[in-house]
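What TrEMBL annotates here:
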TRANSMEM  28-51  transmembrane segment
DOMAIN    43-294  domain 'G-protein coupled receptors family 1 profile'
TRANSMEM  63-92  transmembrane segment
TRANSMEM  104-122  transmembrane segment
TRANSMEM  143-165  transmembrane segment
TRANSMEM  199-223  transmembrane segment
TRANSMEM  244-264  transmembrane segment
TRANSMEM  276-296  transmembrane segment
Amino acid sequence: MGANRHNSSELPTFTLTGLPGLETSQHWVFLLLAALYTVSIVGNALILFIIKEEQSLHQPMYYFLSLLSVNDLGMSFSTLPTVLAAFCFHLRKITFDSCMAQMFFIHLFSFMESGILLVMSFDRYVAICNPLRYATVLTDARVVHMGLSVIIRSFCMVFPLPFLLKRLPFCRTNVLSHAYCLHPDLIRLPCGDITINNIFGPFIVISTFGMDSVLILLSYMFILRSVLAIASWEGRVKPLNTCVLHMCAVLIFYVPMVGVSMAARYGKHAPAHVHTLMSLIYPFVPPMLNPVIYSIKTKEIHQKLSRMLVGSKF
């Protein structure tokens, strides 16, 4: 069967993949994903509303949490159209431009989440290791600058990806491994020289996820050293409790990412639907769990949410 060759003047279309081998159960999978989308969108919207309404939450820590919620909403809405089309309406085709746009936003929000977790770790570092300087270090202007830096860095990292792919000829069967578009999946398809893509992809991953994870680890090493210097057990537990939520957010983000990478590298003989399910965890779990954890564990948010729920019954 001859392969169709595409160039920049004749852009290809791509075929999305649902769950190979589980086609008869995909409607149940869609119901599960719809529940996850609902929790993610409603939960993050509630977090933003509560922080806006509660004056006591107008602090750097909660400003960063607001940015995290906006980012999680962006990730959910980036994957929603194609996941809904593939699992509910069995529409598997996606145009080149639509695929590039989705890829751009998925990677943009992924890089942004890593940066947001980094600035949140800096917030915890200053609060615990230099509490007397907290108000002077994390001013409103500096918080805005840090947020803008995260956005600009992520944009600059992701912006070249669509153009690096558009210059390549596509001459294979353009079937994707997931129900959405990702750069590592797309660079398997061109029949031209992908050396630049293979270099640039790992470079931006190492310079963002790699660097951010190292800096987050260093911040917690300094925090732990500062906490261990406190004599009383109660004095140690209190500052560590303020870090629990952030540590959970870090684990929720990085563990699925590492799991997907390990499955792709070492699970080549596993059934195709295992890889697809693993890939669904990465964009779905963090946006869904972050608002749940912060709503339960943050006293002010929990109390406001409880009052809202109780008030809605009357």
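Note: Cβ is positioned from N, Cα and C throughout, glycine not excepted.
Fair warning: this is a prediction, and the values are worked out from it, not measured in the lab.
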> Between the transmembrane segment (28-51) and the transmembrane segment (276-296), do 3 or more CB pairs sit under 8 angstroms, pairs being 6 or more residues apart?
Replying inline: yes
> Same chain, outside the transmembrane segment (244-264) by at least 6, Cβ under 8 Å from its Cβ: which residues?
Replying inline: 68, 113-114, 117, 120-121, 124, 184, 209, 213, 216, 220, 270, 274-275, 278-279, 281-282, 285-286, 289-290, 293-294, 297-298
> For the transmembrane segment (63-92), which recorded stretch in the set 28-51, 104-122, 143-165 gives the largest number of Cβ pairs separated by under 8 Å?
Replying inline: 28-51
> Who are the long-range neighbours of the transmembrane segment (28-51) in its own chain, taking Cβ under 8 Å and residues 6 or more past its ends?
Replying inline: 18-19, 22, 57-58, 62-63, 65-66, 69-70, 72-73, 76-77, 80, 83-84, 87-88, 280, 284, 287-288, 290-292, 294-295, 300-301, 304-305, 308
